[in-house]
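Below is one structure, written out as C-alpha cells, with a few remarks after it.
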Amino acid sequence: LVQFQIHLANSFMTPFVARLDCPGSTSEKAGTSAACEGCPNQSVCASGAPKAPDPAIEGIRLKMASVKHKILVLSGKGGVGKSTFSANLAHALASDGTKEVAVLDVDICGPSIPKIMGLEGEQVHQSGSGWSPVYVEDNLAVMSVGFLLGSPDDAVIWRGPKKNGMIKQFLRDVDWGELDYLIVDTPPGTSDEHLSVVQYLSGAGIDGAVIITTPQEVSLQDVRKEIRFCQKVKLPIIGVVENMSGFVCPKCKNTSQIFPPTTGGAQRMCEDLSLPLLGQVPLDPRIGRNCDQGKSFLNEVPESPASMTYRTIIQSKTSTHLLTHFLILRLVLWPGHASVD
C-alpha cells in the first residue's frame with residue numbers, strides 16, 4: 001500500500017515520496033495539480049482512494065533479492081562528476097574479479113554512462129530471462145536508456161510517467177543475475193527519477209546514497225537540498241565525496257586550490273550536518289580525457305593522486321570481501337529510522 005505521513009499543519013495526507021509542493025492526497029487538487037505531474041502516486045491520489053499495490057513493486061522486490069547491495073549516487077547540481085564517480089566506483093569494486101557489479105543509469109534525459117564506460121553504440125538484447133545488460137568486463141554490467149537510442153545525439157523528450165515506466169522496467173525486466181553491488185547513477189537534483197527509484201526499491205532495501213559535490217558554495221547549496229530530500233524519503237546517506245578538490249602539480253606535488261571553498265567546502269558542511277566526508281578527489285585533466293575515451297581512469301593512471309583517493313574511498317570502507325561493515329557502521333539514519341529495511 002502507498003505509505004503516508006500526516007501533515008498536521010494542513011490536515012491532509014502526503015504520500016511518502018511526495019514532492020515538496022504536493023497538495024496532499026485528500027486535497028481537491030489531488031492528482032490533478034501541476035505538482036502531481038510525473039509523481040509515482042498520481043493515479044492513486046487522483047482516484048480519491050488508495051488502490052491495490054502496484055504488482056510491479058513485488059516483481060522488483062523479487063528481482064532485487066539477488067542483489068546484495070544497492071547504492072544510489074546523487075548530486076544536487078549537474079557537472080560535479082557524479083557519473084564519473086559512479087563509473088570509477090564500479091570499476092574499483094569489480095577490479096579484483098571476485099565481485100559481480102552492475103551500473104544502472106537512470107539519468108533518462110542525459111545518459112552519459114555508455115560514453116564513460118566505453119559502450120557507445122552497444123545495443124540491449126532480449127533473452128528468455130529479460131533484457132540482457134551490456135558488459136564492460138565479465139563481472140561488470142551496465143544498463144542505460146542510451147543503449148535504446150538510435151544515435152547518442154537523439155534527445156529523450158519524456159514526461160514523468162514515461163520516465164517512471166522506464167525505470168520500473170530496468171529494475172524489473174533486466175536480467176541482472178546474482179550481484180554483489182548495483183550502483184544506481186541518478187540525474188542531478190531531486191526529480192521524478194529519484195522519487196521513482198526510492199519508491200520502487202523501498203521494499204528491496206537500499207543500502208544508502210553517496211552524494212557528490214564540488215567545493216563551491218553554489219554546489220553545496222544544492223547538495224543541502226539533496227540531503228533534505230534524503231531526510232524526507234528516509235534514504236540513509238553513506239557519505240559525501242568532494243570532487244575537483246584542489247590540483248596536485250605533477251612536478252612539485254604541491255596542491256593549489258583552483259576552486260577555493262569560500263564557505264569551507266564539503267568538509268565544513270559535513271561537520272555542520274554530522275555526515276561522513278568519504279574523500280576529496282583532486283582535479284586531474286586525465287579524468288576527463290579517459291571519460292571521453294571510454295577508459296577506466298583507475299586502470300589507465302593508477303598512480304594519480306585522484307586515482308589513489310578513489311581507491312582510498314573504496315578500500316578503507318570495505319571489509320575483506322564486502323562493503324557490509326562500512327554500511328552498517330557508517331550509515332546516517334535519520335531520527336525515527338533505526339534500521340535499514
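From the backbone N, Cα and C atoms, a Cβ is placed for every residue, glycine too.
Taken from TrEMBL as is:
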BINDING   Cys22, Cys36, Cys39, Cys45  [4Fe-4S] cluster 1 binding site
BINDING   Gly76, Lys77, Gly78, Gly79, Val80, Gly81, Lys82, Ser83  ATP binding site
BINDING   Cys249, Cys252  [4Fe-4S] cluster 2 binding site
DOMAIN    68-239  domain 'AAA+ ATPase'
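The structure, with features from TrEMBL marked on it.
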| residue | record | DSSP (3 states) |
| --- | --- | --- |
| Cys36 | [4Fe-4S] cluster 1 binding site | helix |
| Cys45 | [4Fe-4S] cluster 1 binding site | helix |
| Lys77 | ATP binding site | coil |
| Lys82 | ATP binding site | helix |
| Cys249 | [4Fe-4S] cluster 2 binding site | coil |
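Here the CA atom of Cys39 ([4Fe-4S] cluster 1 binding site) lies 22 Å from the CA atom of Gly78 (ATP binding site). Here the Cα atom of Ser83 (ATP binding site) is found 24 Å from that of Cys39 ([4Fe-4S] cluster 1 binding site). Looking at Lys77 (ATP binding site) and Cys36 ([4Fe-4S] cluster 1 binding site), their Cα atoms lie 23 Å from each other. Looking only at the domain 'AAA+ ATPase' (68-239), the predicted model's pLDDT averages out at 93. If you compare Cα positions, Cys36 ([4Fe-4S] cluster 1 binding site) sits closest to Gly76 out of the binding-site residues Gly76, Gly79, Gly81, Cys249. Counting only the Cα atoms, the space from Gly76 (ATP binding site) to Cys39 ([4Fe-4S] cluster 1 binding site) is about 19 angstrom. Excluding the listed site residues Gly76, Lys77, Gly78, Gly79, Val80, Gly81, Lys82, Ser83, the same chain places Ser75, Pro188, Ile212, Thr214, Ser219 with Cβ atoms within 8 Å of the centre of the ATP site Cβ atoms. Across the fold, the C-alpha of Cys45 ([4Fe-4S] cluster 1 binding site) and the C-alpha of Cys249 ([4Fe-4S] cluster 2 binding site) stand 56 Å from each other.
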